[in-house]
Structures are given as C-alpha cells and as structure tokens.
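Annotated Zn(2+) 1 binding site per Swiss-Prot: CYS69, CYS71, CYS84, CYS87, in sequence order, evidence recorded as sequence analysis. Residues or ranges marked as Mg(2+) binding site in Swiss-Prot: ASP460, ASP462, ASP464. According to Swiss-Prot, the Zn(2+) 2 binding site annotation covers CYS808, CYS882, CYS889, CYS892, on the basis of sequence analysis.
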Amino acid sequence: MSVVNFYGQLSNTQQFDQIRINIASPEQVRSWSFGEVIKPETINYRTFKPEKDGLFCARIFGPVKDYECLCGKYKRMKNRGITCEKCGVEVTVSRVRRERMGHIELAAPVAHIWFLKSLPSRISTLLDMTMRDIEKILYFENYVVVDPGLSILQKGELLTEEELQKAKDKYGEDAFTASIGAEVVQQMLKELDFPTLKQELYEELQNTTSEVKKKKLVKRLKLVEDFLESENKPEWMIMNVLPVMPPELRPLVMLDGGRFATSDLNELYRRVINRNNRLKKLIESKAPDIIVRNEKRMLQEAVDALFDNGRRGRAAKNANKRPFKSLSDMLKGKQGRFRQNLLGKRVDYSGRSVIVVGPELKLHQCGLPKKMALELFKPFIYSKLELYGIATTIKAAKRMVEAEKPEVWDVLEEVIREHPVLLNRAPTLHRLGIQAFEPLLIEGKAIQLHPLVCAAFNADFDGDQMAVHIPLSIEAQLEARVFMMSTNNILSPANGRPIIVPDKDIVLGLYYLTLAFDHEVGEGMMFSDLTEMEHALYNKFITIHTKIKYRRNQLNAEGKIVPVIVDTTYGRLMVGELLPSNPNIEYKFINKPLTKKDISLVIDLVYRHCGQKATVIFADQLMKLGFKYACSSGISFGMDDMVVPKSKIVHIDETQLEIKEFEQQYSNGLITYGEKYNKVIDAWSRCTDRVANDMMKEIAKPPVSDDSNQQKINSIYMMAISGARGSFQQIKQLGGMRGLMTKSNGQIIPTPIIANFKEGLTVFECFNSANGMRKGQIDTALKTASSGYLTRKLVDVAQDCIITEKDCNTDKGIEVKSIIEGGEVIVPLAEMILGRTAAINIYHPVTNDLILTKGELINESKLEQIESAGLDRIMIKSVLTCESSTGICAICYGRDLATGSLVSEGEAIGVIAAQSIGEPGTQLTMRTFHIGGAATKGAEVSSVEASYDAKVKILSRNVVINSEERKIVMSRNCELLLLDNNGNEKAHSKIPYGARLLVDEGDMVTKTQKLAEWDPYTIPIITEKSGKVLFKDMVEGISVRDVTDEATGIPSKVIIESKQYSRGAELRPRIQLLDAKGEIIMLSNGLEARYYLPVGAVLSVEDGVQISVGDIIARIPKESTTTKDITGGLPRVAELFEARRPKDHAVIAEIDGRVEFGKDYKSKRRIIIHPVDGSMGLEYMVPKGKHVVVNEGDFVKKGDLLIDGNPVLQDILKVMGVELLASYIVKEVQAVYRLQGVKIDDKHIEVIIRQMLQKVEITDSGGTTLLVGEKIDRREFDEINEKAIKNGLRPADAQLILQGITKSSLQTRSFISAASFQETTRVLTEAAIAGKVDKLRGLKENVIVGRLVPAGTGFLYGQNA
C-alpha cells in the first residue's frame, strides 16, 4: 500500500450514493480555481511552452511533463510537491492538468444564458418581467427603473435613452434611480425576499379566478419554492467570476508541418479574456459611458457564446464559417459527452471480421481466426509463457508472440480453452444481439458462426461483419458463461418461443426427409430394427419416402417402455431417433412432413419437458440432419416449376366483366367515384387471390412417378409450404399474377399487373411496378431511423423498471379474455394468460374444484385445466396494478419469457420490454422491400359468417323490416354473439348500422353460415318509418350542390359545408318524413322523424317522393382504401406510446344517456347527452364536417364513440379508467404487429404503459404544500399524503395523467438520465435551480457515473453496498 502511495497512483475515486447539482456561487468558483487566467495567450510559438497566466499556464494548471517544472530546475520524483521558486510550477504528475481549474474575474457581471434563454426563462419568471424586457436591459438597449423615488414612474418600467433624459429633465437627476446592464438585474434579483414573495404569491393564487393567471402564478411559485429548498441564491444566475476548464480537456495539439489544432473552447475563452481585459482598461481610463457599455455588451455576448453558442443572436464562427462548439454543444446530442463517451464507450480487447457459416460447429462454439485470437488474448499468452518458463520476461514473451513461435500456438490453444468470447452484430436491437461462445481456432480470416444463432443476431452471410469482445476478469467470464452463452438463450425474451429454430435450408432438408410418397418401392414393408431398415435402404428395397410400418419403443405416462407399431417412413424415423425419450414428446409430433412451425413446436416441447441441455443437443443434431438432406435431395428450381394456372384467364375475364358493370353503375350515377374505386380494387384483390389459390393447388398436386420411379414434387411448393424460403406473396407474383401495386403515397393503383414474372411484364406494367418497388426501397431507408428512435425512447422511459421484490401482496389485477374480431378468435385466452399469475383463487365453474391459488404461476399444465374447465375470462396480476414502491415485483410480472420460470429479482424488465417492442419495428420496416411494392390489402369485410355451430344472441337489437322483407339493423352498437351449449361466448362480431341481418335471436346456426352482410364502402342513412320525403335547409349552392360527374355527366346532390347564410340563420340540412296529412311522423322513441345529413353525404331520394321503412335516403361514401403495412403501423405505435391526439380523433361519451342535437354554434355541431336520471346533460361541440355515428334519440353507453375515428387516450383514461386504457393500447399496438405476424407478449407493452402512468395532477391540495395543477410522481404524492395524515392534515387529491414516452423520460426522477436523453440544457438548468439530487436508482445514471448497473448481478451488489 505504501509503495502505491509513494508513486501517487492511488485511485482517488470517491464512493458516493447520490449526486446533487446546484448553481455555483462566485465563492465556490474561486475555491475550485488554482489561479486567475489573465492573458488570452496559449503557448509560446517558439518554445512551445505554455505562456504564464495564459489559458495553458503551468503555474495555474500544473506541469506539462510528469514531475518536472517548466524551467527544468526541478526534475524527477524526489522533488515531488515542491513549488519551483523560479517559474512557480508545482512539481507533480501532469495528470492534474485534467483536473485543475482556473477562473476569470469579470470586470462586469454577466448573465448566464441558460437561466436567461432556456424556456421558460428563470430570470424573467422570478422578476415577473418578459424575457424580451430582461434582454433589453442586459444588452444595453433600455434602462430599468429600480427606485421610482419622487417620480410617478413604476418600479421595473423600461426607459429608452431619450425617455430617461426626458424623465431626468422633468423630475430632476436624483428624483429616481434607473440603471442598465447585468448589474441592475443582479441587484433586482438580490432584493427578492423569497419567504415574503412565496406568501404573496400563495395568497394571490387563492384569490384569482383566471386560469391563465393561475398557471403563471403556479409557475412562479414553483420556481420560488425551488430556490428556497435548494438554498441557491437568485443573484448567482448573474456571474461575476467565470470558471476556466482544465487545459487538457480543451487541448491544443501540434499537427505535422508546425500548425496547431485547437479546441473551439480555447478560441471562445480567448474572446472572453480579450474583451474582459479591454473593459478593465476602459473602466480604469474612465472612458465614455457609451464605449464602456458597448464593451460590456460584447463581454456578455462572448460569455453567451462560450456557454451556448447560437442560443442568442448570431453564432460566433471560425475562419471556415463554422460555428464554434460551445460548452453546451459538448454535452448535447449524439456527439455530446453523455451519449458519445458516457453511455457509449469504445471497448478494448475487441476485433471485428466478416462472418461465414460454420455448420460443423456445436451450438456453444464459434470459429475464431488464429490471427485474431493471438492479438486478443495477448496478456493471457504472455502470463502463461512466463508461468511455464518459456519466456523469462514480458518483453521476451512479446518478442516470441511477434515471431509467432510454435510454442505460442500451443499456449494459445490452452488459453482459449473454456474462455468464452462475446460476439456482437450491429445493430444490437435486443439482448440476443450479443452472445457468448467458446472459441475454436481456425485458419483464415473470417469468424465462423453457428447457423442456428443467425435468427437471434439477424445475421446472414452476404458480407455481414461481427465484433468479438473478450471478457477479461473471472467475474466477466462467469457472467458470459452463465447468462450470455448461446446455449442459455434458446427462448426469445419477446414472446417466450424458441429462437434457436432451424431455418431456410435445414427446414427444407427436414421437410424433404419427412415426406411420404404413395406407390414408392417397398410400400407396406414392416421393420422392427433400424439397422435392418438401413440395409433395405442401401440395397434399394425401400427409399426414405416409402410408407412402412415400424415397431418403435416408447415411454408411457408411468415411464415404462412399451412397443408401438407406427405407420411412418425411414426419413421420419431418422428424426424420431433424435427425439429425447419423454412420455410427453410423442412420435406423432414428427410423424408428418415437418414444416418450420412443426419443428419450432417440437423444440418448444423438448425444452419444456427435457430441459436445456437436451434441447441444445436435439437442435444441433436436427441441423446436421437437415443440411445433409437439403444437399442430397438436390432441390433446385427452374422456370418450369412456376406453374401458371389454366384458370387464370377465366378469372381475369370474369373480373373485367365485373369491373365493366361497376363502370356502368358509375356512369348511371348509382355509385360515386370513391365507391367505384373501392369496388374495383376489391374485385382485383379477389381475382389475384383466386389465381394464386389455383396456382398453389396446381403446384401442390400429388406428383406423378416418372420412368425412373422417382417421384417429383414441385420445388417451389416445397420451399414455400415448409417455410424454408419465399412467401405465398412472392410465389403468387412468380406464377400467378403480380396483382395490385401501391403508389408512393400508399394509395393502390386500380389497374393491376395481370402478368407474372414467368410470363414477363409489359413496359407499362414494368413502369407501374417500379413505383411500388421504389417505395419499398425508400421506406426501408427512412423508416429504420424512426424505428431506432422509437426503440431509444422506449428504452429511456423504461430503463429504471427493475424487479425489486418477490411479491408486493396486492389484491388488484386485470381481467383478460380472448380477442375476437369478425367472429374469429384472433388471440385465444390461453396465449394471453400463459406465464402470468392469478390475481384471485380460480375455481372450476361446474365442480368448484380449486384450479389456481392467488399468486400462482399459470404454466402449460394449469392452462390445460383452465381450457377444459371452459373458462372464458380470468383475473391475472399485472405490472399495471403492482404496488411495489420502487420497481416491480416478480409475482405481478410473472414468467421470465427467456427462461420459462418465474422472473428473478434484479431482472431489467423495462429494457427487455423496450427491446421486444422496438426490435421487430426495425425488422418490419426492412420487410416491405422483399415483396417489391405489391399491395398487401385483402378484400374488405362485407359479411360475417359463423365460425362454429352455435346459438345466436343479439345485443342492442334494433331492427326494421324493409320493403323486400329483409331485416335491417338500425342500432349503432349491435353485436352478434355465438354461444355454445353451456352459454359460453365462442365468438362475437360487431354488426354495422344498415347491415342486412340474416339470422335472429335464438337461432341455431351451422359453421360457415352467413349471419349478416353489408356494403363496406358506404355508411347508409336509413328510414325507420314510411312516408313522404321533405327536404329542409337544403339551399342550392349553400348547403347542397349538384355535383355533375365529369366522366359520366350524371348529377347527384351532395351536402356541402354551408357558409353563414345571408339571413343569419345556420343551415342544418336534413330530411323529414311526412305522413299523408303532411305532418311530421313521430318515431317510437317520441322524437320526430328527421335525419340530419353530414357534409359529403350523397342523397339517394328526391324531394317529395314516397319511401318505405328501411329505405336508404342518403349514403356517406367511405374514403378510398390505402394499404395497411407497418409503415402505417409504426407511426401508429409511436402515436400510441407518445399519447398524441390522433388526427381526426373520435369523441367518446362520458356518461350513459340519450342523444339530442342542440343548436349549432358557428362551424360546430352541438351534441347533448341526457343522463337517464334526468340530471344535467353533457355537451359536446364537434366540427360539422365530421361523421356523427349516433342519431337523435339513440341511447349511448359510457365510452361509446359519438364521432368516427381513433379515440384520444387521455379521454379513455378519464372516462373508462386505467384498466380499459391499458387494454386499448395493448390491443392497438398488438394489432399493428400482428398484421406482420410478429408476436410480442402483452406484459412488455404493459411495462411501458406503467411508465407512462407515473404522474398525477393535483386537483385539490388539501393541507399539503402541493399546488393545484402541479404534476408530481405517484409515489411522491403517496408519501406526501402519508405525512399529511400523520400530522393530522387533510390529504391532497389528484388524478392520474397519461404522458407520452418522451415526456415521461424527460420527467424521470433522475436528472442525469433525463439530461442524457434529450433537451440536455433545459433539464440541467431545471435541476440546478431546484438543487436536485439523483439517487442513482436507474440503469442509465449508473452507467454514466461508471458504476455497476443495479440490475442482474449488480442488483445484489447495489443492495449490499
């Protein structure tokens, strides 16, 4: 220890628990300083030594060389600590030049630009003046009245030079005091008496009623409280002393050729010093006021440029017209200190190289080029060479390694044995982007990678590169082996499914191997022994595809071996031989042609029942088998494999006839252009699908034997059906028809590409398809960045979400049920509850047996019990309802998807959630590119069919029978349920208004029976009574217009937005129904039969005609459809997580009640909901052009939509509560990903939602010091209330608020984390004023200060510390 001390190498890092940020007082700045910088000079151009008292002065900042003073009088260690009397430099290590600061005594006070210009301006808020006014004072434009004295001037009033002169003439020189510059602002700030000011503001807040004033007062009061609590003085925001950064942190480097490169900061400091010195001289020489003032303003500008260049006025630029990088720029953005150096560091002991496939590797191995290994493991090789006495010193060892002596290679072999290395492929989108492997030394220069881990790395071998990192310490090696080894990462943390799954060629080989053909040689033979079969195969008595019988030994449930005779093939038996013996893994799982899905299922089963080791061995053997048969099968494909179905021409002719009919209807004015466009696109979508289906049938036909008795099966079909290569979409384009293409704006071009790639495209078709292809390319380029940004925001908001305890013992939970859309179960209940915990005891509904106890994990066996019990909804615990004070508890989170067991404490689930949501986003943007712009839109849903044999139940049934004896739905929220024999809901569908109902309440229906149908492209307006039509408020050219179609010349009446009518009355176009006497007909609900028409409605009837019940009197055309792809989806995901108001958002009803249309107001319609209990109704003002989905007299439930569109998330929270908000966000986000076939567990989305719901807004301050309208952390709020109750005070009330992820990240408790995310200057300004303390609880802030993260293995370390 003493030796270490002697050499002064003792680490001087301090142990600390928290970090506090404050405004530095002038005294503090002086105490940091080692001397004042007086001269702007840097170094002497001849001697290259630093100038005395300059910016690099050795006397102030320390010696340039270790233990050597500047003049050279004292050299070496022995003189340590002596200060040279000649040059004044202390003899010490030169490292102090990175630590010692200097200072500049300013000749005039200067405002700190962050407190002046960072919005909201703190100085102007405190002084209750506008920022513009403060600037005028600081930059010497206007004077401010400090003391009005005997004059009638106001305190704080601004005066120009002329006005000041006039006032002096009027009141006399000494009647009042007015001043200018930073001195006066400093004086005004000094005079503020915070306790009194706080009291005054508080009283004013109580007495004011104006909302704007309240907001302003709350802002000011908050700032005053911050200053009081932090003990900062407001006058410190104006600086008298400027700190100077250590010179090594703003270096001056000599370039070749004698020129110097310098940090911009030196230039900025020089300007400050120059101006400061000039100002001192001017003041000493008693220069005229105007010159001094100008110099002070220039000094202010110089200091502004140093702190934040470009924030105010023109940025200071260098000779090349580039703005200087100021102190703020050093912190800000991707290249700033936080993100470039603190969160992302370069790593030593690493290398990178191209990857090639290594099919003979085991799953835990990678091939490392010898050259790389030799370089990376150098320290280990040196120590071993010395240990074995092969080399006497490190130097000798070094020479041996450089000479690549034979013994070095032997030592290298030993060194790398069981020493894992980390492989990383950029971009690392989720944690499986870095995995550990045991290296095998190989010749060549490329890293060999195991094929099965490619999916996790998203790697392919078309030139991808990977980086290798060496864990050095024993702890790092241990963690790499236990947590990061590829064999320990079999399941994906996003959805709990295996990610180590055979893919591409392996799948193809296994599919080929497990095919069974009819009429093969030796069909029906029986075998009891594999060697016997091999013999038969070798002598060509059978083939690998021959259907045979085989006696196979199998484990039964008791674990006894029983022989079973199976109908199988030799190929399938080869796979069967690899299966681990377990009663749960039956032979039937592989006794079929194995597709990618089947293989994934088998691997999952093996993992669940046999454990990790068995899975790894099984996957490795499968891979080898797959590769072998992919090779020997000789599968390839040529032109003839692309079969063009004969029915193609028929389908196309039919569709073209159909389209002619639509054209005719359009010409006759029966449908609008938009409807025609939609119908045409639908027709072509259906045609493309039919052609594609016929093509698939054709290529899937059982193969015919040829002369050599070798059966052929279509290669393309094999590749697609097995999931090895190519999608249905791509094959459709090869042999069917390319179909519809999208324009660059997402619109579908209504003329499809009829040809396919085999037939070849015409020039016109080629031109049309180029459009879509380019869109794919451009999307990929643009959307990757936005997806990466979404991931970054998600990580930032959730980074401090860590499992901190086993159980928070809450009784709360959320109820989940399967998601059913269009009568189809999209997500079964089982999928939603697997790996979650029960919130209550769950019993069998019939036998009343206990299935699950509260807090028990729902695993696969429990799932079977729940399914057999027929439960359709279950209460589960969720992170949303977890009541842990910090972090989240394991029970509320449930299963760790990557291991399949209960999550362990210290798991960083927030980051995992963010990666699971963000990673597919990036993948999906790149996926458009492979289909080449073909439109991926199916035909619109225009009917609903029964998905089961079941009994019909109709909710909100309101039906009229029209003149054609058809049942027409009149309800806006009609739902059709299908019930099984026990009355459990099997499916449910929403039936839109105006649909024809083909069944009724209580009917028994069979599977595929049509239940209802409707026109998907228009929203009809339908009559409930028969009568005569009367048009009201339809004034030609003002509220209704005859639109003559250019193409057809047929006029139709369309409602237009009515401008203010000349008579001053608002027009509300409507149709009324009259009876025979000419009086308005009354409806059953007691209201008049009148139908309001929204803007854009097309009339279907003429004035004065007689109509029947159920007739359509007007249609509202729906907008033409655009393709739904992830590009539409990613912005939607971002919109949801940012909690933005959707464009054209819906309005939702806040109460149950009846709808009434009130008097319109300007361009708004008034909708009133009257509650059933007769209390005060609620009013909604909606823009006139919007389509109102309710009619007068309709009964709406809380949460029903009044206007079409996506609801605003904040509204859902306010009206429906947290649980429904969460389920809405989860459903919407999942819908986007589901469209692309990506599976993400709900709990990941719930973690993010929990982070969005961290803040509450105070509605009533009670007896606490909280202010109404203040937004604070939920936990903080609970703590304050607990204190208040203890002290016998009334607790405060607050409501939960939803914040977007960006806002949540910026308002996190840790200012270090927030500053490193975005808006660095604003965050730090705020934190400094409030004297914030960072407790270092999250991951990011710990990485920044260089400590172990408090998660994973660092979690316990952090707790013990």
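Glycine residues also receive a Cβ, built from the backbone N, Cα and C atoms like all the rest.
The Zn(2+) 1 site is defined by CYS69, CYS71, CYS84, CYS87, and by the 8 Å test on Cβ atoms against their centroid, the other residues of the chain that qualify are ALA58, LEU70, GLY72, LYS73, TYR74, LYS86, GLY88, VAL89. Each of the binding-site residues CYS889, CYS892 was scored by other CB atoms within 10 A of its CB, and the lowest score goes to CYS889. Distance between Cα atoms for CYS808 (Zn(2+) 2 binding site) and CYS84 (Zn(2+) 1 binding site): 65 Å, as a whole number. When the Cα atoms are compared, CYS87 (Zn(2+) 1 binding site) and ASP460 (Mg(2+) binding site) turn out to be 64 Å apart.
For ASP460 (Mg(2+) binding site), the same-chain residues that are 6 or more apart in sequence and have a Cβ closer than 8 Å to its Cβ are CYS454. Take the CB of CYS69 (Zn(2+) 1 binding site) and look out to 10 A: across all protein chains shown you find 25 other CB atoms.
The Cβ of CYS84 (Zn(2+) 1 binding site) lies under 8 Å from the Cβ of CYS69, LEU70, CYS71, LYS73, TYR74, GLU90, VAL91, each of these being in the same chain and 6 or more residues away along the sequence. Here the Cβ of CYS71 (Zn(2+) 1 binding site) has 14 other Cβ atoms within 10 Å, regardless of which shown protein chain they belong to. Taking CA atoms as the reference points, CYS889 (Zn(2+) 2 binding site) and ASP464 (Mg(2+) binding site) are 40 Å apart. Summarising the environment of CYS87 (Zn(2+) 1 binding site), the number of other Cβ atoms within 10 Å of its Cβ, over all protein chains shown, is 17. Within 10 Å of the C-beta atom of CYS882 (Zn(2+) 2 binding site) sit 23 other C-beta atoms, taking all shown protein chains into account. Under the three-state DSSP scheme, CYS889 (Zn(2+) 2 binding site) falls in the strand class.
Those residues of the chain, other than CYS808, CYS882, CYS889, CYS892, with a C-beta within 8 angstroms of the mean position of the Zn(2+) 2 site C-beta atoms are GLU805, ASP807, THR810, LYS877, VAL879, THR881, GLU883, SER884, ILE888, ALA890, ILE891, TYR893. A simple way to gauge crowding: the CB of ASP462 (Mg(2+) binding site) has 5 other CB atoms within 10 angstroms, across all the protein chains here. Under a cutoff of 8 A between CB atoms, and with a sequence separation of 6+ in the same chain, the neighbours of ASP464 (Mg(2+) binding site) are VAL354, ILE355, ARG425. ASP462 (Mg(2+) binding site) sits 44 Å from CYS892 (Zn(2+) 2 binding site), taking the Cα positions as reference. Cβ atoms within 8 Å of the centroid of the Cβ atoms of ASP460, ASP462, ASP464 (the Mg(2+) site) belong to the same-chain residues ILE355, ALA459, PHE461, GLY463, site residues excluded.
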